Amino acid sequence: MQKVVLATGNAGKVRELASLLSDFGLDIVAQTDLGVDSAEETGLTFIENAILKARHAAKVTGLPAIADDSGLAVDALGGAPGIYSARYSGEDATDQKNLQKLLETLKDVPDDQRQARFHCVLVYLRHAEDPTPLVCHGSWPGVITREPAGTGGFGYDPIFFVPSEGKTAAELTREEKSAISHRGQALKLLLDALRNG
């Protein structure tokens, strides 16, 4: 199996991607398991930040790297929290604090104006100086609920209602979520690109 460093310390992302990529002969190792610190996310877009993270992990480890930068864009907030989704509630942000801040921010927004979209950009670098990284983007439309529901997933999943499924992302099974989520879409594109190239 080809060892690949996953440029994240987010346990939820590691679990989700490692299980999906193991079928393709890729042994995913979290950067934290290899003593790699987090790259500074100075980009203004998901793509820029994913490339920064992948390049940093590949440079430190000498391994191919996959990085994910993802977040939630809420229409009524002009796309916020966007690239700041993981630290929306401040420096000591947690999933719960971020979720509560978003619900509070949207409390006066009518139900018919609570559309949102999860975005995920996956970047694969063959090596740290790779001039042609594979860049794959997935997006997943939904609606922000007024109350959390479900115990699965992570992040904003309990308040992200998926109209096509009639439930929140946190109420979906891992398999259901992987089949339709932003990360599942980006991963499918990445696997197709790896297969073909």
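In case you wondered, yes, glycine gets a Cβ from its N, Cα and C as well.
The substrate site recorded in Swiss-Prot comprises Thr8, Gly9, Asn10, Ala11, Gly12, Lys13, Phe154, Gly155, Tyr156, Asp157, Lys177, His182, Arg183 together with one of Ser22, Ser70, namely Ser70. Following the DSSP three-state reduction, the secondary structure of His182 (substrate binding site) is helix. Of the recorded residues, Ser70 (substrate binding site) and Glu40 (Mg(2+) binding site) place their C-alpha atoms 15 Å from one another.
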